[in-house]
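Visitor: Features from TrEMBL:
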DOMAIN    58-402  domain 'Amidohydrolase-related'
BINDING   His66, His68, His214, Asp302  Zn(2+) binding site
BINDING   Glu95, His187, Glu217, Asp302  substrate binding site
Amino acid sequence: MTEPDIFGKTVPILIRNVTLNNKPAEIYLDGTGNISAVAEKITDHDAEFIIDGNGATALPGMVNMHTHSPMGLLRGYSDDMPLFEWLSTKIWPTEAHLTENDIYWGAKLACLEMIRTGTTTFNDMYFMMDNVARAVDEAGIRACLSYCMIDGGDHAKFESECSVMEKTVAALKARNNPRIMPGVSPHAIYTVSEEGLRWCAEFSRTENIPLHIHVDETDENPDCIKAHGMRVVPWLDHCGVLSERCIAAHCCWLDADDIALFAQRNVTAVHNPVSNMKLTVGRALPYPEMKAAGVNVALGTDGASSNNDLDMFAEMKTAAILQKFFWNDPTVMPADEALAVASRNGAKALGLNAGIIAPGYLADIILVGRNPANVPAFNTTSNAVYATSGLAVDTTICNGAVLMHEGIIPGAEEILKKSEEVAFDLVRRATA
Ligand SMILES: C[C@H]1O[C@@H](n2cnc3c(N)ncnc32)[C@H](O)[C@@H]1O
Ligand SMILES: [Zn+2]
């Protein structure tokens with residue numbers, strides 16, 4: 001039985017009887033939010049709670065590096081369309097009706113789904129982000145939150161967007177919550193002007209915070225060459241966007257020169273295989289070439305209206321099998337790389353000491369209980385990547401606090417009920 005007091009507190013916790021990297025292990029969290037010991041047996045401890053894994057597999061919490069958390073409200077609202085038609089006829093007209101309350105409940109639903117499926121950190125791009133921050137704060141998860149700038153080449157809009165961006169970053173910083181990091185997000189080159197891109201790049205540099213942008217999801221190069229005389233990646237570089245703070249989602253259409261520039265500037269590329277296949281963007285992120293060039297590649301689900309879930313286990317498996325299939329080579333992205341792409345590579349891009357279960361790392365840990373899809377345990381990483389659904393996660397710990405145990409997340413029912421009501425009401429208003 002779950003002790004009700006176990007939830008939400010960063011206190012000393014001993015995790016017993018788990019398998020870590022195919023070996024029996026115990027893990028001690030000393031109540032600071034960090035992992036303080038990993039050993040076969042830990043006897044010297046002051047644990048307030050002991051979690052018996054009953055043979056569960058311990059994994060680092062998943063790091064979802066590209067999503068739009070409130071978009072869960074539009075899950076299943078509009079499917080089976082091409083990207084631009086989907087955005088311009090269905091998504092953007094509905095988003096025009098979003099209220100702060102909608103954003104809050106949409107983000108609550110996303111946090112619930114992520115905790116349920118083993119994600120402990122997400123990198124989010126959306127609007128009215130202080131409402132997302134409130135949801136993140138309450139849920140106990142970790143996130144980098146960015147306001148999405150869209151100026152459409154209009155100078156007056158550019159100025160008002162900059163002001164919203166500054167206010168958002170200031171509000172997120174004022175929360176003083178170590179789990180909440182601010183970022184900046186120019187949406188994409190086709191929605192943000194040169195002055196917008198330049199301003200975001202400079203703001204990200206002076207604030208020293210991540211810059212999160214959509215890059216080459218569909219082939220943006222022909223239009224970019226027509227408008228600016230160069231491909232998308234050199235254009236972004238020309239605008240000052242490419243740096244070690246840059247987190248570029250999708251990156252399906254990068255060529256060898258683009259990849260070399262990403263490597264030189266230390267940009268992180270985020271693979272979004274499910275969304276890319278569903279929207280049929282035409283090409284898979286060139287992972288083999290990126291790996292050879294030393295580009296940091298992370299993983300994301302994209303929003304739950306193009307995925308349609310936030311399960312990073314499904315995403316890991318899809319990434320690994322899409323990469324093999326698209327590049328016609330079964331040795332591409334083996335299981336241990338898929339797990340790194342889904343956890344520590346994202347953590348690294350956000351400057352977090354996470355994604356690895358070892359002393360000194362953040363206590364962001366998940367447990368996958370024994371279930372029919374992880375027996376036999378010849379290789380727990382293989383089982384995690386190729387056989388496990390996120391719903392098989394039964395314990396999620398973030399910053400040393402238990403957010404889910406034995407599949408239980410306090411308050412889950414209310415979130416399901418409220419977010420369902422809010423979603424139907426949003427669509428009713430938007431289609432009235
Ligand atoms: C943050 C902004 O990005 C939009 N958005 C959601 N999914 C995608 C996608 N696959 N490509 C581009 N933009 C997207 C959201 O609908 C919102 O307008
Ligand atoms: Zn996106």
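Each residue, glycine too, has its Cβ placed from N, Cα and C.
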Visitor: Just to be sure I understand the packing, how many Cβ atoms besides its own are within 10 Å of the Cβ of Glu95 (substrate binding site)?
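Guide: A count of 20.
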Visitor: Can you tell me the mean pLDDT for the domain 'Amidohydrolase-related' (58-402)?
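Guide: Averaged over the domain 'Amidohydrolase-related' (58-402), per-residue pLDDT gives 98.
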Visitor: From the Cα of Asp302 (Zn(2+) binding site) across to the Cα of Glu217 (substrate binding site), what is the distance in angstrom?
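Guide: Here the two Cα atoms lie 11 Å apart.
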Visitor: Measuring C-alpha to C-alpha, could you say which of the binding-site residues His66, His68, His214, Asp302 are within 10 Å of Glu95 (substrate binding site)?
Guide: none
Visitor: Does any of His66, His214, Asp302 have a Cβ within less than 6 Å of an atom of ligand 1? These are the binding-site residues; tell me which, or none.
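Guide: Within range of ligand 1: His214, Asp302.
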Visitor: Using a 10 Å radius around each Cβ and all protein chains in view, which of these binding-site residues has the most neighbours: Glu217, Asp302?
Guide: Asp302
Visitor: So which of the binding-site residues Glu95, His187, Glu217 sit close to ligand 2, that is, with a CB under 6 Å from an atom of it?
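Guide: Correct list: empty, so none.
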Visitor: Can you give me the residues near the recorded Zn(2+) site, meaning same chain, not His66, His68, His214, Asp302 themselves, Cβ no more than 8 Å from the center of the site's Cβ atoms?
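Guide: Checked against the 8 Å cutoff, the neighbours are Thr67, Met125, Ala249, His250, Val270, Asn272, Ser275, Gly300, Gly303, Ser306.
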Visitor: Under 8 Å Cβ to Cβ from His68 (Zn(2+) binding site), same chain, six or more residues apart: give me those in sequence order, or none if nothing qualifies.
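Guide: Within the chain, His68 (Zn(2+) binding site) has Cβ neighbours under 8 Å at Asp124, Met125, Tyr126, Cys148, Asp302, Gly303.
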Visitor: Would you mind ranking the binding-site residues His66, His187, His214 by how many other Cβ atoms sit within 10 Å of each Cβ and giving me the lowest?
Guide: His187
